[in-house]
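Read through the structure below, which is laid out as structure tokens, and then see the notes.
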Amino acid sequence: MDVLKRVPIKEQEPIERIHNFDEVCFGYTPDEAVREAQRCLECKNAPCVKGCPVEVKIPEFIKLIKEKKFKESYLKILETNLLPAICGRVCPQETQCEQNCVRGIKGEPIAIGKLERFVADWFRQNCEFEFSKPQPNKRKVAIIGSGPAGLSCASSLAKMGYNVTIFEAFHKLGGVLYYGIPEFRLPKEVVEWEIENLKKMGVEFRTNMIFGKTFDLEDLKQEGFDAVFISSGAGLPNFLNIEGELLNGIYSANEFLTRINLMKAYKFPEYDTPIKLGKKVGVIGGGNVAMDAARVARRLGSEVYILYRRTEAEMPARKEEILHAKEEGIKIIELVSPVKFIGDETGHVKALELVKMQLSQPDSSGRRSVKPIDGSNFVFEADNFIVAIGQSPNPLVKKAIPDLELNPNGSIKVDENLMTNIEGVFAGGDIVTGAATVILAMGMGKKAAQSIDRYLNAKKV
Amino acid sequence: MNEIVIKQNLAPNVWLMGIYSPQVAKKSNPGQFVILRVAENGERIPLTIADFDREKGVVYIIFQVVGKTTSLLSQLNIGDRIIDFVGPLGMPYEHNPEDKNYLFVAGGLGIPAIFSKVKMLHSQGKNIDIIIGGRSKENIFFEDELKKYCNNLYISTNDGSYGKKGFVTDILNELLESGKRYDEIFAVGPVPMMKAVVDITKKYQIKTLVSLNPIMVDGTGMCGGCRVKIGNEVKFACVDGPIFDGFEVDFDGLMKRNSYYQDLENISYREHKCKIGLGE
């Protein structure tokens with residue numbers, strides 16, 4: 001065995017997987033996991049841990065895999081990371097833990113994410129989730145939004161004996177984990193299992209509750225909640241604000257993915273929510289959401305092009321997602337920027353005018369800017385376009401709490417303890433950071449739980 | 001929760017239901033809507049809140065059977081539960097307290113949509129005239145309920161079987177031509193009707209509001225499916241609306257967007273009818 005190389009992981013062949021929504025990666029077998037774990041050098045200073053937003057005890061959980069103590073390994077991760085099966089699948093490890101791996105200097109870094117996923121899946125399939133309830137402390141905390149920040153905050157608080165209720169606007173739990181990330185990257189079964197565990201921990205969930213519409217801060221106060229954590233996400237899709245954006249056949253990535261993931265439109269007419277996609281689809285953007293949208297479109301049978309204003313090297317998407325997309329036959333058109341959509345006589349989009357872009361020399365920060373090349377406009381024909389250029393904070397929260405202080409970009413302003421300008425009201429996740437990663441949101445949820453605990457202890461509620 | 005407490009047939013294929021949902025009733029205001037889902041594999045559909053009773057915790061909706069979801073909903077009975085019932089969504093109706101004279105123009109399912117607004121304005125002592133219209137006599141409903149709250153109620157039917165033969169806009173034209181003036185006109189109904197109303201009221205420069213019902217998924221501003229051009233701006237009907245200044249609405253664009261899924265919705269409805277033995 002070449003210790004410089006990773007133990008290869010089995011995946012569904014591209015030719016097969018473009019016809020289904022099953023998970024792409026099969027995950028390691030116990031034998032493969034142990035072999036991969038054996039490559040770990042167990043560095044004393046553990047640079048990998050420093051790359052992890054929640055400081056998973058990486059060398060320790062990997063050591064337990066070497067010893068085939070998979071259950072213990074899972075529990076070791078759980079000490080700091082509440083959703084290992086999810087993080088093992090969707091974290092950008094290559095820019096976090098794995099980037100710092102000493103093995104990576106000469107060879108391939110340890111597949112930390114895949115090992116994390118392995119123990120989490122092994123535990124789910126072989127063990128019962130056990131939770132010894134702490135002494136209840138009689139304090140009630142309300143969490144708004146059941147995405148990664150909310151779930152991790154709830155879990156931390158439940159462990160400290162809090163009485164926690166999560167309010168979710170949709171009819172399904174999990175926030176972006178449910179409506180945003182497709183089944184082939186994160187099976188809903190995994191999300192549901194994690195949520196079931198939270199229920200076992202005593203966390204209460206209420207669906208169909210829209211903050212600022214169905215209930216507000218005053219209602220929470222009247223119900224006796226001592227603190228509130230707002231983790232309602234970045235739920236407002238950005239559009240390009242160019243001519244023709246209201247033509248039929250143009251989706252925001254949010255709408256496209258919500259129809260698919262939440263409403264299961266890919267199973268129409270077995271499910272009632274429809275989706276319409278023609279032969280050729282253009283996806284605008286270069287992040288993970290753009291990759292998800294492109295790969296979903298591919299699975300619906302379309303020929304898919306990703307249109308990006310910089311080059312593949314600058315794409316914010318995870319390398320693995322870009323690779324998977326390309327393997328599935330998705331083509332990337334680099335250095336193009338949308339100018340206007342062109343419609344047919346029925347009001348349906350038929351093309352997008354693009355302008356070619358050029359990269360400048362790197363500036364002092366090393367970042368290369370782009371600018372349009374005059375007169376290089378051309379027309380790109382397609383049946384549908386999906387706009388995946390990011391999300392902004394949902395405006396409903398601001399409407400619900402008019403006194404809430406916001407940052408200039410509309411996100412909620414918080415102090416170092418994640419408390420907003422309103423006492424007892426904390427916030428975290430994408431509503432504070434703008435659209436970011438699952439793990440960052442989880443890290444904030446955990447931190448908020450600690451802050452809430454400190455705050456309520458000091459207040460002696 | 002979400003239990004059906006009242007069910008009444010108002011007109012062919014038009015039903016009124018009272019849903020027990022204290023949390024939605026408590027926050028409801030005229031002009032807002034709910035989103036509901038009636039089956040585990042079902043769609044989320046928006047429906048206007050026709051009326052609400054905060055004390056009893058009941059929200060009233062009125063719907064016409066036009067597709068699979070509304071057909072399934074119509075098959076539910078008193079005592080059944082609606083699996084998901086979310087709201088109230090959208091911005092409440094706002095009016096200038098100094099305005100005195102109001103005219104409501106409603107066609108088809110727009111008739112119940114004006115009810116809670118009319119009731120509210122009536123309680124403030126405003127002068128209210130109402131024009132309602134439908135295809136035929138059997139499509140006119142809520143006449144007695146509305147009469148209680150207005151000065152004049154005018155009715156038109158396309159076939160002349162009840163009220164004046166023609167369209168609501170014919171009556172509107174007559175009223176305005178005869179010199180009647182209003183501080184505000186509110187139109188709800190099919191998009192072409194609202195467009196026709198605005199075409200008339202523009203000539204008289206009378207402030208006109210309309211309530212839109214575009215395609216929606218979440219109803220919270222998250223998907224942008226309901227985006228509609230208002231003047232030079234793109235607005236999301238679910239969070240910015242559903243009520244907009246009628247002079248600013250791009251009705252043609254809205255009509256095109258609303259028709260986008262028609263073919264697939266027809267497939268869904270047809271299959272459903274076959275299953276329940278109503279096949280064509």
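Glycine residues also receive a Cβ, built from the backbone N, Cα and C atoms like all the rest.
Small disclaimer: the values here were computed from a predicted structure and weren't measured.
For the [2Fe-2S] cluster site that TrEMBL gives as B:C223, B:C226, the extra residue drawn from B:C238, B:C274 is B:C238. Note: B:C223, taken in sequence order from the binding-site residues B:F63, B:C223, B:C226, have a C-beta within a distance under 8 Å of a chain A C-beta. When the binding-site residues B:F63, B:Q64, B:C223, B:C226, B:C238 are compared by the number of other CB atoms within 10 angstroms of each CB, B:Q64 has the fewest. Other residues of the chain with a Cβ within 8 Å of the Cβ centroid of B:I62, B:F63, B:Q64, the FAD site, are B:L10, B:V14, B:W15, B:L16, B:L47, B:I61, B:V65, B:T70, B:L109, B:P112. DSSP assigns B:C238 ([2Fe-2S] cluster binding site) to a helix in the three-state reduction.
In the three-state DSSP scheme, B:Q64 (FAD binding site) is classed as strand. Here the candidates are the binding-site residues B:C223, B:C226, B:C238, and by Cα distance the one nearest B:I62 (FAD binding site) turns out to be B:C238. Applying DSSP to the domain 'FAD-binding FR-type' (B:1-95) sorts its residues as follows: 14 helix, 44 strand, 37 coil. Between B:C226 ([2Fe-2S] cluster binding site) and B:F63 (FAD binding site), the C-alpha separation comes to 20 Å. Per-residue pLDDT, averaged across the domain 'FAD-binding FR-type' (B:1-95), gives 94.
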